[in-house]
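**Q** Dumping what Swiss-Prot says about this protein:
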- 6-26: transmembrane segment (TRANSMEM)
- 34-54: transmembrane segment (TRANSMEM)
- 57-77: transmembrane segment (TRANSMEM)
- 86-106: transmembrane segment (TRANSMEM)
- 108-128: transmembrane segment (TRANSMEM)
- 162-182: transmembrane segment (TRANSMEM)
- 189-209: transmembrane segment (TRANSMEM)
- 217-237: transmembrane segment (TRANSMEM)
- 240-260: transmembrane segment (TRANSMEM)
- 302-322: transmembrane segment (TRANSMEM)
- 334-354: transmembrane segment (TRANSMEM)
- 366-386: transmembrane segment (TRANSMEM)
- 402-484: domain 'RCK C-terminal' (DOMAIN)
Amino acid sequence: MDATTINSLFLIGALLVAASILVSSLSSRLGIPILVIILAVGMVAGVDGGGIIFDNYATAYLVGNLALAVILLDGGLRTRVASFRVALWPALSLATVGVLITTVLTGMMAAWLFNLSVIQGLLIGAIVGSTDAAAVFSLLGGKGLNERVTASLEIESGSNDPMAVFLTVTLIGMLASGQTGLHWGLLGHLIQEFGIGSFIGLGGGWILLQLVNRINLAAGLYPILVIAGGLAIFALTNAIHGSGFLAVYLCGLVLGNRPIRSRHGILHMLDGMAWLAQIGMFLVLGLLVTPHDLLPIAIPALGLALWMILVARPLSVMVGLLPFKAFHDREKAFIAWVGLRGAVPIILAVFPLMAGLPNAQLYFNLAFFIVLVSLLLQGTSLPWMAKLLKVTVPPDPAPISRAALEVHVTSEWELFVYRLGAEKWCIGAALRELKMPEGTRIAALFRGQQLLHPSGSTTLEVGDLLCVIGHEHDLPALGKLFSQAPQRGLDLRFFGDFVLEGDARLGEVAALYGLKLDGIDPGMPLSQFIVQKNRGEPVVGDQVEWNGTIWTVAVMDGNKIQKVGVKFPEGTRPGPGLFL
């Protein structure tokens with residue numbers, strides 16, 4: 001390869017990445033997922049468009065695995081362990097039982113539609129059987145979904161790859177050897193995938209955490225150390241026949257939920273790397289496909305995609321979540337709809353090509369077509385479905401910027417900056433009147449270009465910039481303190497006519513609003529009553545009905561209900577309440 005060829009590759013690669021980034025601005029305007037746009041850029045630049053010929057499946061496999069490892073590491077870093085209390089076991093059920101059911105139902109339909117053997121059909125089902133972490137993390141971000149739904153989908157997408165890889169590799173081996181029966185040894189292999197992946201991921205994450213916190217390096221080297229360590233854990237786990245995808249996700253989970261040096265620097269770097277990984281991966285996959293090869297299979301492939309989306313996925317979710325009573329029907333319906341397919345099925349579809357199986361190109365084209373339909377249909381309609389099924393909650397107002405204050409190695413102190421607009425509730429209030437969360441401090445107050453020296457009597461004005469020192473767990477309380485009037489109105493429309501303290505006694509609530517206890521202990525706290533009625537771990541947005549009124553969890557403090565909204569039937573709104 002001469003210098004001219006190398007420079008041409010650099011130029012083409014840079015132009016494709018830049019074009020993907022620039023065109024992605026159309027995503028919000030058109031309501032199309034950004035991943036579809038990036039995929040389209042690759043297809044347009046490929047053999048049927050710009051004429052770039054790329055058919056190196058081994059390179060695509062390499063790029064895909066590298067990109068997914070980075071994306072899962074970033075996803076694990078941003079997943080809070082606290083979300084496991086409501087979603088760990090449901091998500092694992094979806095990641096195992098759910099993938100198996102989806103594989104069988106989709107595979108049987110594929111065998112019938114394309115006149116294939118049952119094993120060949122099941123291979124197609126296994127290839128498209130798992131949801132995709134890149135698609136889920138990308139499309140769920142900032143949608144304001146309740147914690148139970150978000151955590152279930154994210155943990156499922158981060159942990160269901162071992163099952164899909166296991167089924168795909170097993171079925172490829174059966175087709176290559178002519179084997180038609182299953183044996184118990186396969187179950188042991190599956191347990192090995194999960195077991196080794198979990199052990200290496202958690203153990204390797206702990207070792208990497210100790211390295212980051214104990215070694216003094218230049219600030220810019222810590223993110224690189226984390227990425228290198230995560231990739232090493234991914235590769236080592238794969239080398240000893242564990243699930244590298246699960247391991248790197250758990251590694252990120254350990255790092256993201258313990259005090260770690262240069263936390264914000266690591267997160268910022270990983271955010272950029274995860275975006276680059278997604279862009280590179282979907283560009284390569286777009287280049288790899290030949291669009292005109294999809295046309296002959298378009299109608300049966302569309303039928304298979306719709307069968308998977310409308311039948312196989314909903315049935316797998318219904319069975320997978322059957323033991324978990326805390327999930328409402330609308331939450332199950334939304335989880336069923338957000339069975340997003342992305343890069344993982346396309347990468348798994350490369351396996352049969354590399355193994356030289358008959359019909360391997362058909363498997364690849366089918367996987368690509370199903371991913372395209374999933375992203376266009378499910379990804380585009382995600383915000384609309386969330387509102388229709390009422391699984392969204394009002395978001396907490398966020399600061400306009402935040403920065404780490406690394407006063408010691410594992411410092412978790414941060415600086416939050418809030419801009420006070422005309423609609424803020426605190427305008428005109430003196431600083432001493434603000435009920436700041438315990439442990440937070442106002443560090444600075446800017447008015448225009450001037451840094452003020454505030455006292456307790458200083459009043460807040462429109463346009464002020466308020467700098468507050470605190471921790472991440474203070475953000476909900478600070479958000480309420482510096483919220484806007486429209487946001488408060490949204491809170492009350494969502495949570496009800498009044499918002500009560502969670503420790504209010506039922507007897508007092510019943511007397512205040514004229515409700516009947518019907519044998520319920522009057523000394524029971526309202527929060528405990530909601531938990532009993534809800535039959536599971538509560539999250540913000542959970543609702544129960546009592547005495548014809550709707551009671552909604554409004555604020556959580558860890559796993560404890562702090563405030564509860566109450567909505568009365570139209571025209572029967574009585575008495576006072578305690579507002580947020």
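Glycine is treated like the rest: Cβ placed from N, Cα and C.
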**Q** Out of 6-26, 108-128, 189-209, 217-237, which stretch has the largest tally of CB pairs under 8 angstroms to the transmembrane segment (334-354)?
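**A** The stretch with the most close Cβ contacts to the transmembrane segment (334-354) is 108-128.
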**Q** Short question: which residues 6 or more past the ends of the transmembrane segment (366-386) have a Cβ under 8 Å from it?
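**A** Cβ under 8 Å, 6 or more out: 31-33, 35-36, 39, 110, 114, 124, 127-128, 132, 135, 139-140, 143-145, 285, 289, 294, 297-298, 301-302, 304-306, 308-309, 334, 337-343, 345-346, 348-349, 392.
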**Q** May I ask which of the stretches 6-26, 34-54, 57-77, 217-237, 302-322 has the most CB pairs under 8 A with the transmembrane segment (189-209)?
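**A** Top-ranked stretch among 6-26, 34-54, 57-77, 217-237, 302-322: 217-237.
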**Q** Would you say the transmembrane segment (57-77) and the transmembrane segment (217-237) are touching, if the rule is that at least three C-beta pairs must lie under 8 angstroms and be 6 or more residues apart?
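**A** Contact between the transmembrane segment (217-237) and the transmembrane segment (57-77): present.
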**Q** Counting by DSSP secondary structure, give me helix, strand and coil numbers for the domain 'RCK C-terminal' (402-484).
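**A** Helix/strand/coil tally for the domain 'RCK C-terminal' (402-484): 13 helix, 29 strand, 41 coil.
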**Q** Ranking 6-26, 34-54, 57-77, 302-322 by Cβ pairs under 8 Å to the transmembrane segment (86-106), which is first?
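**A** Highest pair count goes to 302-322.
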**Q** Which sequence-distant residues neighbour the transmembrane segment (6-26)? Criterion: at least 6 residues beyond either end, Cβ under 8 Å.
**A** 32, 34, 37-38, 41-42, 45, 52, 276, 279-280, 282-283
**Q** What mean pLDDT score does the domain 'RCK C-terminal' (402-484) have in the model?
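**A** Mean pLDDT across the domain 'RCK C-terminal' (402-484) comes out at 83.
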